[in-house]
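If you look up TrEMBL, you'll see 74-114 marked as domain 'Mechanosensitive ion channel transmembrane helices 2/3'. Annotation source TrEMBL lists domain 'Mechanosensitive ion channel MscS' at 117-182. If you look up TrEMBL, you'll see 189-270 marked as domain 'Mechanosensitive ion channel MscS C-terminal'. The transmembrane segment annotation in TrEMBL covers 17-42, 74-91, 97-113.
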Amino acid sequence: MNKFINEVFSKLADKKILVNFTVELIFFILKLAFCIFIYYVAIKVLKKMTPLFNLKKKEDLVVDKSLKSFIKSILNVGIHAILITICLLIMGVKESSLLAFFGTLGIGVGLALKDNLSNFAGGIIILLFKTYKVGDEVNISDEMGYIDDIDIFSTTIKTHNNDLVMIPNGMIISNKVINYTKTPIRRLKFIIGIAYDADIDVARKALEDLLRENPLVLKEPAVYSHVDSYGDSSINIALKGWTSNENYWTVYKETMNGIKKALDNVNVEIPFPQMDISIKNPKMDINLNKD
């Protein structure tokens, strides 16, 4: 009799454990489904909010493109971190355990990404001091082109060859940055070599006239030229003038295309590298010893 009663209670206990397990599993699945739903809805809302950073009208723009890109990057990382934290809390993870986990994770990530922290700080410095913005023409670390994007950790430059070059922000703030868009006008400079037997004044006038006659070149400051250096095969003339930033490359290409024709019209030669050899002892005695 006792044995039978024990078997009955044993079976009931097993059923109770099974029921409890089933209930807990159902609650776990419901919590997981709820977390996925919240995450899905939040991401959808975030995507809907993204166009607010891409307003077309100038009067609607609160921040420039550079700041918008930076803010979007931070929001993207921050919102994902918050959503993951909320989901873990819903799943039943204790706050103390979560804080301890994130504290340990933060130390580990900080040590592993210490260089990226300097890049993050560099991005903030770039935006605060307005070193450049999206669309500016710059020269950074010998990479010349237009700022395409400013991210949390890096800046992307689109070169004149249409290549996209990513440079860490930490490297940028520790190197020289040339921003050609900061001022409304930009100086043109050409170095042209002429033959040593050419008339320097005639060559200078022809070059100055070529640049001066371009309607996109500014009258003030005036176009001028001078001897820049004496090379091995040529006298190098520096031709200088000024134009607006937006017209710089147009004027540059037009001038480069016209330089040879302008000098040909006044019979001034553009020399190629050459070398004069002088023999001081023309007479040479050669003794051939024959066995």
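Positions of Cβ are set from backbone N, Cα and C atoms, glycine also.
Automatic prediction, not curation, is the source of TrEMBL annotations.
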Counts of helix, strand and coil residues, the domain 'Mechanosensitive ion channel MscS' (117-182), according to DSSP: 17 helix, 26 strand, 23 coil
Distant-in-sequence neighbours of the transmembrane segment (17-42), which means Cβ under 8 A and at least six residues beyond its ends: 79, 83, 86-87, 90-92
Helix, strand and coil residues within the domain 'Mechanosensitive ion channel MscS C-terminal' (189-270) as assigned by DSSP: 34 helix, 24 strand, 24 coil
